[in-house]
Amino acid sequence: MPAAIEISGFYSSIKTQEPYFTWLRRYMEITSLLNIGFVLLALYLIRTEGKNLKPEYKQVLLCNLLLPAVFSLYMGFIYQPYIVFPYHLLLTVGFFRFGPFVTAHLFNICCTVAILCSMGFIYSFWFNYITICFRISRQSSTKSNLIGLCFGVVFTVLNFILMTIGVDENQYQDRDNIYEGDDRLRYFFDEYSIAIVRVGDKWSLKVLSVEAFIGIAIVIIVIPIITFKSYTTLSRIHNMISKQTLIQLKNALAISLWYLLQFGLLVGIPAATAMAFLLMRYAPSESFPLALVVLAPTQLTCPVICALYLIVIKPLRYGFLKLVGLQRYAPKPVAKFSTQSQLSTFTSHAPIRHTNRHAYGSIRLN
């Protein structure tokens with residue numbers, strides 16, 4: 001027998017916060033349109049100005065740009081969620097309001113895309129680690145990307161299945177019980193396709209909660225370790241590789257750190273705060289739209305990543321300056337008299353000798 005739903009005070013809270021629903025929907029739609037422009041600009045610059053970037057490195061850049069773009073479009077035009085704290089109820093304030101089960105599955109898809117985005121960011125740290133610390137060929141780097149993609153897709157699908165299993169099948173029965181207590185809630189449940197979430201009654205949701213704590217541990221413990229290892233290795237080999245290669249590897253590390261920072265500030269901390277408030281049943285002021293404060297930063301991920309690429313990656317930055325008519329701030333191209341500066345080799349400061357020593361194939365530029 002499912003436990004009773006705690007619903008006291010929900011009517012006054014949702015009635016007070018209802019005007020914010022339109023604000024949230026318009027904000028999501030406008031920011032999604034703006035994000036399309038930012039992403040198209042970044043894609044154009046990567047295609048035209050990023051010709052010297054490693055193909056496998058470019059794949060990671062595109063992955064961490066396109067996945068947040070998909071998430072932004074999904075939140076902007078398909079599913080705009082809303083939660084009235086501290087109630088375990090999912091609302092949809094967007095167009096797709098077709099009952100509680102549709103709301104639950106739309107929320108599951110939203111979480112699935114968010115998980116895929118987070119795994120893309122985490123993989124960028126692993127990619128930098130194996131690129132800097134191990135001597136692997138370009139083919140091996142490409143295989144690593146494919147393996148990471150397959151693992152991410154399989155892991156995401158499994159999480160989606162667990163979330164689907166966690167959907168409460170007694171949605172309409174629970175609604176009838178709630179209406180008996182307060183029939184005024186019927187309008188809000190029907191208008192916003194409210195779905196009921198029972199975390200304590202579903203084993204799959206408990207598994208996902210444990211998995212979330214493991215993911216937090218990976219971010220807090222493992223990522224700093226491999227980042228420090230990558231940095232120390234790069235400091236040790238900086239005299240054995242070309243300047244151009246060194247700059248690109250430093251850029252990769254910097255971008256990964258900014259990935260972690262922006263994703264943590266814009267998505268991780270708001271999501272963790274919302275989960276903590278729901279588990280503790282923290283009830284803010286009825287007139288305070290906490291859900292709006294939690295959801296609004298997620299739409300800023302795309303412009304932050306685009307700005308990050310322009311700031312850190314010089315070819316993209318110079319290409320943008322030329323695109324907006326500020327050519328005087330972009331350096332003029334210098335003719336290359338030798339391809340030696342483009343190679344990652346142990347003998348960049350010594351005469352060329354024929355030896356059997358293998359170069360750092362994983363960090364070779366073409």
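Note that Cβ sites are derived from N, Cα and C of the backbone, with glycine treated the same way.
Residues 58, 61-62, 65-66, 69, 72-73, 75-77, 299-300, 302-303, 305-306, 309-310, 316, 319-320, 323 of the same chain lie 6 or more positions beyond the ends of the transmembrane segment (30-48) yet place their CB under 8 Å from a CB of it. According to TrEMBL, the feature transmembrane segment maps to 30-48 (among others).
With a cut-off of 8 Å between Cβ atoms, the residues of this chain six or more beyond the transmembrane segment (60-82) that come close are 21, 24-25, 28-29, 31-33, 35-36, 39, 42-43, 46, 50, 53, 90-96, 106-107, 109-110, 113-114, 116-117, 120-121, 123-124, 127, 145, 149, 192, 255, 259, 291-292, 295, 298-299, 301-302, 305-306, 309. TrEMBL lists 60-82 (among others) with the feature transmembrane segment.
Same-chain residues lying 6+ beyond the ends of the transmembrane segment (102-126) with a Cβ under 8 Å from its Cβ atoms: 60, 63-64, 67-68, 70-71, 74-75, 78-79, 81, 90-92, 96, 148, 152-153, 155-156, 159-160, 163-164, 167-168, 171, 193-195, 197, 215, 218-219, 223, 226-227, 252, 255-256, 259-260, 263, 267-268, 271, 301. Taken from TrEMBL, the feature transmembrane segment applies to 102-126 (among others).
TrEMBL lists 146-167 (among others) with the feature transmembrane segment. Sequence-distant contacts of the transmembrane segment (146-167), counting only residues of its own chain at least 6 positions beyond either end whose CB sits under 8 Å from a CB of the stretch, comprise 63, 101, 104-105, 108-109, 111-112, 115-116, 119-120, 123, 126-127, 195, 199, 202, 204-205, 207-208, 211.
According to TrEMBL, the feature transmembrane segment maps to 212-231 (among others).
If you look at the transmembrane segment (252-278), the same-chain residues 6 or more away from its ends with a CB under 8 A from one of its CBs are 57, 61, 64, 83, 85-86, 88, 114, 117-118, 121, 124-125, 127-128, 131-132, 212, 216, 219, 223, 227, 230-231, 234, 284, 290-291, 293-295, 297-298, 300-301, 304-305, 308-309, 312-313. Taken from TrEMBL, the feature transmembrane segment applies to 252-278 (among others).
For the transmembrane segment (290-312), same-chain residues at least 6 beyond its ends with a Cβ under 8 Å from one of its own Cβ atoms are 17, 20, 23-24, 27-28, 31-32, 34-35, 38-39, 41-42, 45-46, 61, 64-65, 68-69, 71-72, 75-76, 81-85, 117, 251, 254-255, 258-259, 262-263, 265-267, 270-271, 273-274, 277, 284, 320. According to TrEMBL, the feature transmembrane segment maps to 290-312 (among others).
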